[in-house]
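Everything below concerns the one structure shown next.
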Amino acid sequence: MTNIRKTHPLIKIVNDSFIDLPTPSNISAWWNFGSLLGICLALQILTGLFLAMHYTSDTATAFSSVTHICRDVNYGWVLRYLHANGASMFFICLYLHVGRGLYYGSYLFKETWNMGVILLFAVMATAFMGYVLPWGQMSFWGATVITNLLSAIPYVGTDLVEWIWGGFSVDKATLTRFFAFHFLLPFIISALVMVHLLFLHETGSNNPTGIPSNMDMIPFHPYYTIKDILGLFTMILVLLSLVLFSPDMLGDPDNYTPANPLSTPPHIKPEWYFLFAYAILRSIPNKLGGVLALVLSILILVIIPFLHTSKQRSMTFRPLSQCLFWLLTADLLTLTWIGGQPVEHPYVIIGQLASILYFLIIIVIMPLVGLVENHLLKW
């Protein structure tokens, strides 16, 4: 008799996706982050669900409801900090996952890659709206500043901003709708993740060499399930260390002050995982130009498959491209640092140079280096 996991209509889908899935035999730990992202998403939905049971999306009570969760709800503080720091873990895994895709040429699976870019935008939108919900100073002013960027859109900008706000400023209507969307989006993300996986399983996984591995596949279970569990334990260790020892390390102290529309914080800045994009936004003195640069800093990922000039897929055997990749990584870390600094000399000029370098590496230098490497190898 054939095993039920291979015949049952529903279990068969799980089997083909996680158990009998043919996987390249040489994929490294960099391929762990997909499963970790799935676990992060599940954790965020679960902790978010329990937090939503006690949270109130009203400007008068939102801040105190979060305080109530931390003080009066059984293990509410664990839920709150797991959710807040879980978002940080989510973005760490996301950026490493995207970095892996860039390094090993996984972006040549165009459907999977583009789906991933859509997912990145969706997760960023969700995280932004979630940051507004505690209704602290940085929540309020972050929401005001970022939504106000849409007013840079010619002709319809101002109307669009007021439509999103539900009034003439960030207020009760804004908070309520942000809570509604913050609750809804993770479920949409879950559906998009399934499409992402569907596209991936059409082609099969890439591997560190970038060479097709159809002749050397092994089943996902037990070889990679055990490897994923190691990654999971490592992530849980880091997350619990954050939650239990320094839960506020990645947050902003200003968010422990209730939102006050009459008092602007000295330095308005988003959570750490948006600082690189925020630095790019601030480095352009023109409002519309800044908004375009902000969107393009992420949207640029869509054109990367079309800028691939090398005859080799992966960077494993391309030392020049490797140097550029790590230069890009250092550049992004520099932008992240600059995004958290005040707008004054020398931070402004450093941010502008780092922003120019970011776009220059991706659009110009990397494709040229790919051609140079082809020439050096006489291809």
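Every residue, even glycine, has its Cβ placed from backbone N, Cα and C.
Record features (Swiss-Prot):
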type     : residues      : note
BINDING  : His83, His182 : heme b b562 binding site
BINDING  : His97, His196 : heme b b566 binding site
BINDING  : His201        : ubiquinone binding site
TRANSMEM : 33-53         : transmembrane segment
TRANSMEM : 77-98         : transmembrane segment
TRANSMEM : 113-133       : transmembrane segment
TRANSMEM : 178-198       : transmembrane segment
TRANSMEM : 226-246       : transmembrane segment
TRANSMEM : 288-308       : transmembrane segment
TRANSMEM : 320-340       : transmembrane segment
TRANSMEM : 347-367       : transmembrane segment
Touch test for the transmembrane segment (226-246) and the transmembrane segment (113-133), at least 3 Cβ pairs under 8 Å: no
Under 8 Å by Cβ from His97 (heme b b566 binding site), same chain, sequence gap 6 or more: Phe33, Gly34, Leu37, Gly116
Report the same-chain neighbours of His196 (heme b b566 binding site): residues 6+ apart in sequence with Cβ closer than 8 Å to its Cβ, ordered by sequence. Thr112, Met115, Gly116, Leu119
If you draw a 10 Å sphere around the Cβ of His83 (heme b b562 binding site), how many other Cβ atoms fall inside it, taking every protein chain shown into account? 21
Does the transmembrane segment (113-133) make contact with the transmembrane segment (347-367) through 3 or more Cβ pairs under 8 Å, each pair 6 or more apart in sequence? no
His201 (ubiquinone binding site) has how many other Cβ neighbours within 10 Å of its own Cβ? 14
Inter-residue C-alpha distance, His83 (heme b b562 binding site) and the residue listed as 'ubiquinone binding site' (nearest angstrom): 30
Cα distance (Å, whole number) from His182 (heme b b562 binding site) to His201 (ubiquinone binding site): 29
What stretch in 33-53, 178-198, 288-308, 347-367 has the biggest tally of Cβ pairs under 8 Å against the transmembrane segment (320-340)? 347-367
Is the transmembrane segment (33-53) in contact with the transmembrane segment (178-198), using at least 3 Cβ pairs under 8 Å (sequence separation of 6 or more) as the test? yes
Around the C-beta of His182 (heme b b562 binding site), how many further C-beta atoms are within 10 angstroms, looking at every protein chain? 21
